[in-house]
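S.K.: Handing you this structure, nothing more for now.
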């Protein structure tokens with residue numbers, strides 16, 4: 001039921017159907033509500049928390065994943081190489097926990113969300129999740145006073161937290177879908193919102209003027225049940241694999257595998273899907289290949305021939321220089 005509805009929604013948002021016209025009046029109402037809410041924050045009718053350290057928001061204006069996680073990993077690498085010690089906060093989408101607490105590499109994805117667990121495993125940084133990002137940020141800085149910067153994974157629309165930089169990630173293949181706001185389309189805010197942000201990063205596809213291109217580079221496969229074991233991707237060229245993806249745009253993953261020469265039988269799932277062993281009845285003893293985000297949720301019941309494909313982001317060095325220069329100016333103001 002959930003998967004069917006999710007796929008139906010995507011067809012409406014990224015296609016051209018009559019449902020868009022029916023839902024459009026609700027989108028106009030949604031626009032009025034979000035415009036009034038943002039105005040209230042600008043007029044300081046609603047309070048925003050100003051932290052003692054710089055805050056970088058990495059978000060999007062679309063519903064669903066656009067590639068924020070690999071970007072955050074890249075951003076952490078750039079910052080660490082230049083002397084910064086960031087902490088990360090997240091809403092923890094897909095997790096059941098209602099409390100604010102720290103995520104560790106052994107945290108359960110079903111409790112804290114799949115992306116936070118993956119980020120901790122890949123970066124080793126302190127990361128706190130919570131329904132209120134302001135509270136998560138406070139807890140993080142209290143427990144890790146050595147952190148001198150906060151990265152908010154998502155949270156572009158969370159105006160209760162003041163920010164020093166906003167970076168938006170866009171799916172370069174699907175862009176804005178039909179261009180409509182929720183519920184007629186996939187947009188949380190109108191595309192004009194991009195005029196106010198500091199940088200726009202396109203995950204694949206040619207970037208628009210002034211934007212930055214992010215390319216996702218596949219690495220050696222790792223075994224889901226024993227990530228220390230590796231296998232070169234070229235060992236599977238020409239072989240049939242069951243490809244599993246519960247991400248914002250599963251077709252991107254499937255297409256990437258096909259371009260690499262694999263014979264792909266695709267199994268798309270909704271973003272943040274909570275996998276069970278029953279989801280893999282199709283697999284039998286065949287090879288299963290999934291994303292790293294999916295793998296963190298399948299370790300408990302993974303079979304011997306299940307593998308995941310880590311990816312790393314490559315982005316124009318000019319963006320890193322822009323971010324670092326902005327942070328330098330911010331720190332000079334504090335002195």
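Backbone N, Cα and C atoms are what each Cβ position is placed from, and that goes for glycine too.
Pasting the relevant annotations from Swiss-Prot:
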BINDING   62, 63, 64, 65, 66, 67, 68, 69  ATP binding site
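Context for these features, please: burial, neighbours, distances.
M.R.: In the three-state DSSP reading, residue 68 (ATP binding site) counts as helix.
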S.K.: Under DSSP, is residue 62 (ATP binding site) helix, strand or coil?
M.R.: strand
S.K.: So if I draw a 10 Å sphere around the Cβ of residue 68 (ATP binding site), how many other Cβ atoms end up inside it?
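M.R.: The answer is 24 other Cβ atoms.
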S.K.: Where among the binding-site residues 64, 65, 67 do you find the Cβ with the fewest other Cβ atoms within 10 Å?
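M.R.: It is 64 that, of the binding-site residues 64, 65, 67, has the fewest other Cβ atoms within 10 Å.
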S.K.: If you count Cβ atoms within 10 Å of the Cβ of residue 62 (ATP binding site), leaving out that atom itself, what do you get?
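M.R.: Counting Cβ neighbours of residue 62 (ATP binding site) within 10 Å gives 24.
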